[in-house]
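Database features, via TrEMBL:
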DOMAIN    5-148  domain 'UEV'
COMPBIAS  170-184  compositional bias 'Low complexity'
REGION    170-229  region 'Disordered'
COMPBIAS  194-214  compositional bias 'Pro residues'
REGION    243-269  region 'Disordered'
COMPBIAS  246-269  compositional bias 'Low complexity'
COILED    315-349  coiled coil
DOMAIN    374-440  domain 'SB'
Amino acid sequence: MSPQNHEQVVTQAVMNRYVNVEKTKRDVLTALQHYRGLGPKLDKFVFRSGTSRYLLCLEGTIPVTYKGSTYNIPICIWLLDNHPLSSPMVYVKPTPDMLIKASRHVDQNGKVYLPYLHEWNPNSSDLPGLIQIMIMTFSEMPPVYSKPKTAQPPGATPYPLPYPTNSPGYMPMPGGGPNMPYSPAQTGANTVYPPYPTQPGGYPPSTTPYPVYPPASTAGYPPSQPPTSYPPPYSAGGITYPPYPSTTSSVPTGATETSGVTGTSTTTSTGTITEEHIRASLISAVSDRVRAKLRDSYGGSQAEVSVLRQQQADLNQGKIKLEGLISKLEQEQTELDKNIRVLREKEGEIKNVLSRLSSATEPLNVDEAVTTTAPLYKQLLNAYAEDQATQDAIYYLGEALRRDVIDLDCFLKHVRSLSRKQYQLRATMIKCRAKGNMAG
C-alpha cells in the first residue's frame, strides 16, 4: 500500500468518528512514515463490557533487534475515538507458529503494558515515541517465541520452510529497498526466512490472521558462539539480515551441554565439547540470569522510589496547606479574643448604667431620656418621631376600614389630613439634614 493509499484510508477512518481529526491523522501518518511495516485499517473493536466500536488500528510488524539479530514482531495498535486524549491500546498478535511470552510488559492475551502508556500525555506523547519505546523494551525481553517442534526425521533439510506464497498483505522487514517497501512476501529457491526463537510450554496461540512464520527446526538455548547450521540470511534489496536464533528451552547452554547434548554450535571440528565451551556457556547463562534479576530488582526499586517520592510531594503539599490553615485559625482566634474583650467592657458599662438607674428615686421621663446637642438635631428628632407616628395612624385607619369600623368617607378624610401633615414633616427632615450636612 502506497503512502497515498495510507493517507486515504486514515482520512476515511478518522472522518466523522474521531474528535481530534487533524491531530489523529498527523500522528498516524508520521508513525506510518517511520515504520513501513505497519498499515492502517478500520476494524471493529469489542470492549470488555461487550460493546463494539469501529476504531482505527495500525497492524503489522516492527523491527526489533535481539542479540544481534533483527526480528519482525507482529503488533496491533488501536486508537480510541478521542485520540490523543486517551492512550492507545497495544496488542501483540502472534502468528499460528508463535506463542506469547508473558512478562511484566505483556500479559497472556498479548496486551502491552508500558509506563509510556500509563503516563500518556496528550501534549507530548505520540505514536512514533510509543513504537520506539516498544522496540527498546522488546529488544530486552521479546514478547513472542516460536512453537517447539518435534525432531525432524533423518535426512530432512535443516532449513526452515519458506513463507507461503498465498499470504497477501505481509509487510517485509524495513529497509528492503526503495522499490519494494510494501510488496508481498515472495518465495523462491534461494529465499529462506529464519524462524522466531522457540520457548518451552506457554499459552495457546492466537487466531489472528497474520502471515504464517516458518517452524523452528533447531533446538537448544542460543549458544555463546554463532551456529554453523543456521539457514542462510534473509536478503532483500541488497540488504542482508541475520538469521533468527532458535531456542526451545530456557535452560542454560552449559546445563544442556553437561547432560551430553552436542551440536554444531558447541562442538569443535571433531564434534567434541571442550572445557572452554562449557565454561563460556556457563558464564553466559549465569551472566544473563544475574543481569535479568538485577534488571527486575532495579525496576522494582525504581518504581518503589517513584511512589515514595510522589507520596513525599503529596505530604509536603498537605503540610503547606495545614500550616496555612493553622495560621488563619490563629489570626481568627486573636480577632475573636479582641472582640470578646470589647464586649465584656460594654457589658460592664451597661451594668453600671442599669445599677445607677435602678437606684434613682424619681421616675424616668421618656422625653428627657434622649437629649440632643443642638436645636437643629432636636427639631430633626421630633419631626422623625411625628412622621413615624403618622405612618402608624394611617396603618390603623386602614385596618379600621377593613374591619368596617369606619366608613370610606371618614377614612379618606383622616388619611388626607395625615398625609398632608406627613409631607410637611418629611420636608422638614430633608431641610434639617441639608442644613446639618448629614446624609439623607
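Note that Cβ sites are derived from N, Cα and C of the backbone, with glycine treated the same way.
Predicted automatically and left uncurated, TrEMBL annotations should be read as such.
Helix first, then strand, then coil: DSSP counts for the domain 'UEV' (5-148) stand at 42 helix, 48 strand, 54 coil. Residues in the domain 'SB' (374-440) partition by DSSP class (helix H, G, I; strand E, B; coil) as 56 helix, 0 strand, 11 coil. Confidence in the coiled coil (315-349), given as mean pLDDT, stands at 95.
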